[in-house]
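Undergrad: Let me begin by handing over the structure; questions about it come next.
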Amino acid sequence: MTKLLNFVILASVLTVTAHALTYDLNNSDELFKNFAIKYNKTYVSDEERAIKLENFKNNLKMINEKNMASKYAVFDINEYSDLNKNALLRRTTGFRLGLKKNPSAFTMTECSVVVIKDEPQALLPETLDWRDKHGVTPVKNQMECGSCWAFSTIANIESLYNIKYDKALNLSEQHLVNCDNINNGCAGGLMHWALESILQEGGVVSAENEPYYGFDGVCKKSPFELSISGSRRYVLQNENKLRELLVVNGPISVAIDVSDLINYKAGIADICENNEGLNHAVLLVGYGVKNDVPYWILKNSWGAEWGEEGYFRVQRDKNSCGMMNEYASSAIL
């Protein structure tokens, strides 16, 4: 049934032009019906359904516009296509500046700041993908909780541990959401603050002991799976130097403006501005070149059905999505 609906949504109602895939907006009602079935959407009233349908139509228009404007990426319907842009960004991101829960507990004594600006001294590999080196754990889903900061931080620690010890861990984002004394749970936070909180508390908990449920809960004391020895915050100013950092350090937590990627499906996003301000935390896991177009590879936390099995690519060397900023970070094991 799912495969049939995929075919209906992705094939039978698409018009293929010379440059892009474009939905026929006259088929919006049929598309919405199939969308609701595919993603198991239920609406409590006719009024709610009408609102969601209008959101869906607006997203179809944005998808068409993105596909016509983009040279290297495809945008399409996904499970969030019945949300308006503001609601989606509010519910499924979570990078928030200036939202300290408890400023008195915040010291930054363990976090060193590194400016990434000079050109690399060594010759770098043309491509790097930490997924091919068993340095990235499976994609997760933050659901409707502004906890991207926790997912990005945990993904960074999981990757570094996997690279160092050749052992995959599944660590608890929920423990960070509940127990981080600096960030604000589902209301948002920052990755380097999360690392500071981990250092203050003493360690990271396994997901087996505290599985993710996607809303703020009560902090409980669980045994630590591992500890970290320090943290770094990076001021990103040079994308070539960032390549070197990625090679030497491993996957890195980065902050972006994800607004232009809501409907991303595949390819290299060549139009990703920073017009809305930084709002999302993800994990930088690699880089490459395809058809002379350089790109970054990033791991999202919106589940494996979004994008390229939970990942996305953006064009390199143009500060895509505002990625060159002062909020990248990494743990030190």
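Cβ from N, Cα, C; glycine included.
Just lifted these from Swiss-Prot, have a look:
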ACT_SITE  Cys148  active site
ACT_SITE  His280  active site
ACT_SITE  Asn300  active site
DISULFID  Cys145-Cys186  disulfide bond
DISULFID  Cys179-Cys219  disulfide bond
DISULFID  Cys272-Cys321  disulfide bond
CARBOHYD  Asn170  N-linked glycosylation site
SIGNAL    1-20  signal peptide
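I'd like to know what surrounds each of these features in this structure.
TA: The Cβ of Cys148 (active site) lies under 8 Å from the Cβ of Thr92, Thr93, Gly94, Phe95, Gln142, His280, Ala281, Val282, Ser301, each of which sits 6+ residues away along the same chain.
DSSP assigns Asn300 (active site) to coil, not to a helix or a strand.
When other Cβ atoms within 10 Å of the Cβ of Cys186 (disulfide bond) are tallied across all protein chains shown, the result is 20.
Secondary structure at Cys179 (disulfide bond), taken from DSSP and collapsed to helix, strand or coil, is helix.
In the three-state DSSP assignment, the secondary structure recorded for Cys272 (disulfide bond) is coil. For Cys272 (disulfide bond), the number of other Cβ atoms no farther than 10 Å from its own Cβ, over all displayed protein chains, is 25.
Other Cβ atoms within 10 Å of the Cβ of Asn170 (N-linked glycosylation site), summed over all protein chains shown, number 14. When secondary structure is read from DSSP and collapsed to three states, Asn170 (N-linked glycosylation site) falls in the coil class.
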Undergrad: Rounded to an integer, what is the Cα-Cα distance in Å between Asn300 (active site) and Cys145 (disulfide bond)?
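TA: Here the two Cα atoms are 14 Å apart.
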Undergrad: Provide, as an integer number of angstrom, the distance between the C-alpha atoms of Cys219 (disulfide bond) and Asn170 (N-linked glycosylation site).
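TA: About 19 Å separates the two Cα atoms.
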Undergrad: Using DSSP reduced to three states, classify Cys186 (disulfide bond) as helix, strand or coil.
TA: helix
Undergrad: Going by C-alpha positions, which of the recorded positions (Asn170, Cys179, Cys272, Cys321) is nearest Cys186 (disulfide bond)?
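TA: The answer is Cys179.
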Undergrad: Specify the count of other C-beta atoms within 10 Å of the C-beta of Cys145 (disulfide bond).
TA: 24
